[in-house]
Amino acid sequence: MWTVQNRESLGLLSFPVMVAMVCCAHSSNEPSNMSYVKETVDRLLKGYDIRLRPDFGGPPVDVGMRIDVASIDMVSEVNMDYTLTMYFQQSWKDKRLSYSGIPLNLTLDNRVADQLWVPDTYFLNDKKSFVHGVTVKNRMIRLHPDGTVLYGLRITTTAACMMDLRRYPLDEQNCTLEIESYGYTTDDIEFYWNGGEGAVTGVNKIELPQFSIVDYKMVSKKVEFTTGAYPRLSLSFRLKRNIGYFILQTYMPSTLITILSWVSFWINYDASAARVALGITTVLTMTTISTHLRETLPKIPYVKAIDIYLMGCFVFVFLALLEYAFVNYIFFGKGPQKKGASKQDQSANEKNKLEMNKVQVDAHGNILLSTLEIRNETSGSEVLTGVSDPKATMYSYDSASIQYRKPLSSREGFGRGLDRHGVPGKGRIRRRASQLKVKIPDLTDVNSIDKWSRMFFPITFSLFNVVYWLYYVH
């Protein structure tokens, strides 16, 4: 009984040991062990000529490109460029690197890439680029059994982006990344987007502080140079600028400063210190805003949209200051002098009228006329020449330049009566004509100038804003 139980327990314990021995024997014969892989890599690199492309003398090598965009770090209007960090992958087939016996892909150390042929790819519009090197150089080389090579890099590049800033900051920009072969022509190498529309990834995850990526487009083409035709791939980003920052930093302050300059129209015109200080402060503030904006933009020859708005605000602020200069000139300057002179002329005329109303009579009862009265009477007699009698002469000459008025005849009385009846008719016509005239503000009245400015400036500025935003906002 004991013997049978010992045999059964011994059989149960020996079964796992036998399975382990079989597995060890199988693993010792596995061709993917370290020694076999080492021999395979040594065999692939032995006699490999890095100077010759795959299928040298045969058809061109097809190189597929894939880009995973990690971030767009900066878009600079001053330097006309943008900075892009990406995972850049290239794949091609090299029959010299095909192997068998190992059903696995071989991911090798990045230093092996220096011993293999790789495409001479470069970025056409590159200004400054580098491959990240922390903690080691960020390169990947992976071999497939059929000889396909996958070569990956983590690159940060600063690429040129020519911008049209005529509609800045209500603009859209198109920034591209141009990928091209430097030395190999289309007879030796061809580029294509590996994966079609899915060759570029990560764009939808990018968030920029001043831009929104509206769309991106991939293009494959050939370019002709004197040395031949070269393959080129283009990745273009359509960037739309976010207006929120500029509304808060530029448009709203400029608008409020312009409105603030109109406060002077409600300040009394004799408060020179207050109105001048307010006008100069608003002008200097607008100048500061414009100067700060120009420092953040390149020196370009054309006018930008924001320049037009700031210039319009500056003109309104400056005109508000000039309006007080005009009011001050009317109130304290030449205007009062003209008013004083007109008052003196009016008093002189009234004095002359009083003197003319004084009647002088000689000893014979004749009325004495002065030289001014003679002229007035003469002009009146010329008008009534047609109805007067040549025999009824109203004046007689005296060497003392004093004239004697004789009694009027019936015809003279008729003429004077006609003249008296004609004057009221002319007065009625003049009154009716004055009623038809449009009321025009008196520019010599300082209160009227300020009153009209309170309406003119806001209405004109509102029309300016309506035209501006309708034109520049799509």
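Cβ atoms are placed via backbone N, Cα and C, with glycine included.
Secondary structure at Tyr122 (histamine binding site), as computed by DSSP, is strand. The C-beta environment of Tyr122 (histamine binding site), restricted to residues of the same chain at least 6 apart in sequence and closer than 8 Å, consists of Ile179, Glu180, Ser181, Tyr182. If you look up Swiss-Prot, you'll see Tyr122, Ser181, Tyr182, Thr227 marked as histamine binding site.
Secondary structure from DSSP puts Asn33 (N-linked glycosylation site) in coil. Residues or ranges marked as N-linked glycosylation site by Swiss-Prot: Asn33 (among others).
Annotated N-linked glycosylation site per Swiss-Prot: Asn105 (among others), in sequence order, evidence recorded as experimental evidence. Every protein chain shown contributes to the tally, and the Cβ of Asn105 (N-linked glycosylation site) ends up with 11 other Cβ atoms within 10 Å.
Here Swiss-Prot flags Asn174 (among others) as N-linked glycosylation site, drawing on experimental evidence. DSSP assigns Asn174 (N-linked glycosylation site) to a strand. Sequence-distant neighbours of Asn174 (N-linked glycosylation site) (same chain, six or more apart, CB under 8 Å from its CB) are Ser236, Phe237, Arg238, Leu239, listed in sequence order.
What Swiss-Prot records for 1-25 is signal peptide.
The annotation transmembrane segment is assigned in Swiss-Prot to 246-267 (among others) on the grounds of a curator's inference.
The list of residues near the transmembrane segment (271-293) in space but at least 6 beyond its ends in sequence, with Cβ under 8 angstroms from a Cβ of it, reads 250, 253-254, 257-258, 260-261, 263-264, 306-307, 310-311, 313-314, 317-318, 320-321, 324, 328. According to Swiss-Prot, the feature transmembrane segment maps to 271-293 (among others), an assignment based on a curator's inference.
Swiss-Prot lists 305-327 (among others) with the feature transmembrane segment. Long-range contacts of the transmembrane segment (305-327) within its own chain (CB-CB distance under 8 A, at least 6 residues past either end) are made by residues 166-171, 246, 250-251, 254-255, 257-258, 261-262, 264-265, 269, 275-276, 279-280, 282-283, 286-287, 289-290, 293, 446, 449-450, 453, 457, 460-461, 464, 468, 472.
The transmembrane segment annotation in Swiss-Prot covers 452-473 (among others).
Close to Thr227 (histamine binding site) in the fold, though at least 6 residues off in sequence, lie Thr185, each with a CB less than 8 Å from its CB. Rounded to a whole value, the Cα-Cα separation of Asn105 (N-linked glycosylation site) and Asn33 (N-linked glycosylation site) is 14 Å. Same-chain residues that are not part of Tyr122, Ser181, Tyr182, Thr227 yet have a Cβ within 8 Å of the Cβ center of the histamine site turn out to be Asp120, Glu180, Gly183, Tyr184, Tyr230.
When the recorded positions Asn33, Ser181 are compared by the number of other CB atoms within 10 angstroms of each CB, Asn33 has the fewest.
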